[in-house]
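According to Swiss-Prot, the features are:
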type	residues	note
BINDING	Asp23, Leu24, Asn25, Arg38, His61, Phe62, Gly63, Arg64, Arg120, Arg153	substrate binding site
BINDING	Lys203, Glu325, Gly355, Gly356, Asp357, Thr358	ATP binding site
Amino acid sequence: MAAFKTLDDIGNISGKRVLVRVDLNVPVADGKVTDATRIERIAPTIAELSGKGAKVILLAHFGRPKDGPSPEFSLEPIARATAEVLGRPVGFASDCVGDMAGSAVAAMNKGDVLLFENTRFYKAEEKNDPAFSERLAANGDIFVNDAFSAAHRAHSSTEGLARLLPSFAGRTMQAELEALEKGLGNPVRPVVAIVGGAKVSTKIDLLMNLVKKVDALVIGGGMANTFLAARGTDVGKSLCEHDLAPTAKQIMIEAAEAGCAIILPVDGVVAKEFKAGAACETVAISDVPADGMILDVGEKTVKTIGEWIDRAATLVWNGPLGAFEIEPFDHATVAAAKHAAARTKAGKLVSVAGGGDTVAALNHAGVADDFTYVSTAGGAFLEWMEGKPLPGVDVLKR
């Protein structure tokens, strides 16, 4: 049994008003949605609730409006895109509380789907204001949270509502939580983590948490340079946070105490400038020229990472191994991603990945669909990896 209530526990909802918190923070250009992935992810929950005769009312934020309602942050164009994905009409109410919202709900029939306007048009939303939560709850009988990506925020539409109405995890939220449980909560060992990206400073909490939970930690990207420098390696003109060398040393000490192997690059792809087609060479990590920048890990390191992926039963991945946006500095990330995907498809690996750059890198490698689970949740995924409580999830627990 899941530790949280899901749609399997919801009972008879025919004719009930179900408020569903969803993630509709999708890219929009010229009034049109350019990537509907997040809408596609919530479609099963909406279809299931609607099919059971519920009146489905969608709650979401969009962007970061500063001073109340603003046309550029309206969800109205997204209602149209949601209707296209669902293949059915989706109503739109130009407020999320008050008379306009109430009258739109009153006009609903069983199975109808309605999208409320941006919850962040009210400052009270982000303050988790109890009075605002009650105004939202007035339009619902049941609350379903299907927005894991907003679960790290204690807002009225994520945490406040769940305190006022019977609350359940939607199918997207459920899938995310079950995947994360396999990744770090209760994983099959050995567990290997790959952490890349530019800076150690943004991932200190993440690294400190992981060394206590995984058997091996592969460090790549610009952040590997900070660890190499902490070990006394000259990294030339590579991106490096020299002031964080003591932090990197402390992470390595804690890893040793916890029995977690730290895997750092033994060679690197070096160039004098960061641009497409720049002249580059692979050198041992001890031979980085003074005017060179490490922009990817080298072939020997790729081989080592592959060997660790072969040993792993579970892989957790956040961040690219090199500057994957520009060829040929995408080689290591693509090679490791394809290797992990092949192991996953063969049934030998549980692979969980997340974070914006990571998703982009796996898409670039063409293997995002072959991983066990790829989280699009951004900040919530990172906070989960950091071992921090997620208010929007905790409130759904049985």
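Using the three backbone atoms N, Cα and C, a Cβ is placed for every residue, glycine included.
Recorded residues Asn25 (substrate binding site) and Gly356 (ATP binding site) have their alpha carbons 13 Å apart, per Cα-Cα distance.
There are 26 other Cβ atoms within 10 Å of the Cβ belonging to Gly355 (ATP binding site). Here His61 (substrate binding site) comes close to Leu24, Asn25, Asn118, Thr119, Arg120, Glu125, Ala150, His155, Ser157: these same-chain residues lie at least six apart in sequence, with C-beta atoms under 8 angstroms from its C-beta. Taking CA atoms as the reference points, Asp357 (ATP binding site) and Gly63 (substrate binding site) are 19 Å apart. Ranking the binding-site residues Asn25, Thr358 by how many Cβ atoms sit within 10 Å of each one's Cβ puts Thr358 at the top. Largest CA to CA distance in the substrate binding set (Asp23, Leu24, Asn25, Arg38, His61, Phe62, Gly63, Arg64, Arg120, Arg153): 19 Å, whole number. Considering only the residues assigned to ATP binding, Lys203, Glu325, Gly355, Gly356, Asp357, Thr358, the longest pairwise Cα distance works out to 20 Å. Here the CA atom of Gly63 (substrate binding site) lies 24 Å from the CA atom of Lys203 (ATP binding site).
Sequence-distant contacts (6 or more apart, same chain, Cβ under 8 Å) of Gly356 (ATP binding site) comprise Gly378.
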